[in-house]
Amino acid sequence: MIQVLLVTICLAAFPYQGSSIILESGNVNDYEVIYPRKVTALPKGAVQPKYEDTMQYELKVNGEPVVLHLEKNKGLFSKDYSETHYSFDGRKITTNPSVEDHCYYHGRIENDADSTASISACNGLKGHFKLQGEMYLIEPLKLSDSEAHAVFKLKNVEKEDEAPKMCGVTQNWESYEPIKKASDLNLNPEHQRYVELFIVVDHGMYTKYNGDSDKIRQRVHQMVNIMKESYTYMYIDILLAGIEIWSNGDLINVQPASPNTLNSFGEWRETDLLKRKSHDNAQLLTSIAFDEQIIGRAYIGGICDPKRSTGVVQDHSEINLRVAVTMTHELGHNLGIHHDTDSCSCGGYSCIMSPVISDEPSKYFSDCSYIQCWEFIMNQKPQCILKKPLRTDTVSTPVSGNELLEAGIECDCGSLENPCCYATTCKMRPGSQCAEGLCCDQCRFMKKGTVCRVSMVDRNDDTCTGQSADCPRNGLYG
């Protein structure tokens, strides 16, 4: 369903800018206040959906107008997504909540091919976007008389502490048959792999967030939304298979010694979790402070192994992006990726697999990471990530909306307010060329040569053909 929502955001012109404020993301020294005003263009008589499939936001950043394009992350959850918690008497309670109409988006800034965005629209707009090479955060302000939001640069958030944050993995990379350049991989969609991810939240996290399971759930969903974007350009699709919250106490000994915690968690996954929940990889999200400034640890090349397809990650920052990048890093180890060296590059940024986690983390993998990941996959051939899992949004509905594009169906119509596609027939509306895709804008193919995906490794950017809504893959992406 392609639905355009235009929200005009006006920049406040009084003393909020430049002052200091404590937000959910931390103590921010310089920020702007903006006010979303929704202007909806819907067909006459159409019903406003709770969360549109696509949205556009018009806003001012540093006094300049920009347009933020967002698209719902339809492949965020696997079909059998589940949530588990424990009652006060220790009973395991598992549900399969409906997550088809979720509120998590990814996107880009108009006329900025290097831009990215990861946004939650659950309660206002919360997340981050990159504009002209600078990372910005946005979140609602808790003001009773308005819908004010704060927008600020990530670098303007005060450091939570000065200690370096480290990954606990120390092994060196030993290549199988070294590939000299990432471009030698010649990856294409046939190489696509799929990781069904299960995240366990320990009791310390449950206590840290005052037993607010909804807040914990949203934090995890936001993290996976970020992780999915980073792995997309590696031809690896991340789907969230489930969440388990240890609400009545830890089921393993979570301790400051990260090797011991990782070992215990791996054993628990093998003997308990795998017997009751199908998934490919499990990550423990904990509030405990590990020894030696370590914030994460994982088994290198452990993917698909009952015990070793695991990692442990400290919830070390109020900024969800930083924790999400840490979990992306640890999952990278499970996929055979080692730490970057000085010769590795992802286009001038601090890359995901840096052994020291930056306060301004990157969502990009380096050229070395591509080589190591796909050398591992091609040589070790892990089987669990080969099969494409069903997604929540591929469930059949009375009016198509299932993305399968069966015979005779021209578009994924979804619902009645789709401006590009008839919901009753799943045929294109007159004048429409497309309904979705990186090279589709307002139901029309974007011009030939329009950059639709930026390569951070070899600068061989992907561009639209002018004949399709799809963005063809040419380059390699960090």
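Placed from the backbone N, Cα and C atoms, the Cβ positions cover glycine too.
Since this is a predicted model, take the numbers as computed values, not measurements.
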Say which of C346, C368 is recorded by Swiss-Prot as the disulfide partner for C344.
C368
Among H316, H339, which residue does Swiss-Prot annotate as binding Zn(2+) at the site that also has H329, H333?
H339
Cysteine from C373, C384, C411, C413 that Swiss-Prot links to C304 by a disulfide bond
C384
Where Swiss-Prot annotates a disulfide for C471, which of C452, C464 is the other cysteine?
C452
Nearest by Cα to C384 (disulfide bond), of the binding-site residues H329, H333, H339, is H333
When distances run from the Cα of C471 (disulfide bond) to each of the binding-site residues H329, H333, H339, the nearest one:
H329
Residue among binding-site residues H329, H333, H339 with Cα closest to the Cα of C411 (disulfide bond):
H329
Counting only residues outside H329, H333, H339 in the same chain, those with C-beta within 8 angstroms of the Zn(2+) site's C-beta centroid are C167, V169, G296, A298, E330, G332, I337, H338, I352, M353, P355
Note: among disulfide-bonded residues C368, C439, least Cβ-dense neighbourhood at 10 Å is C368
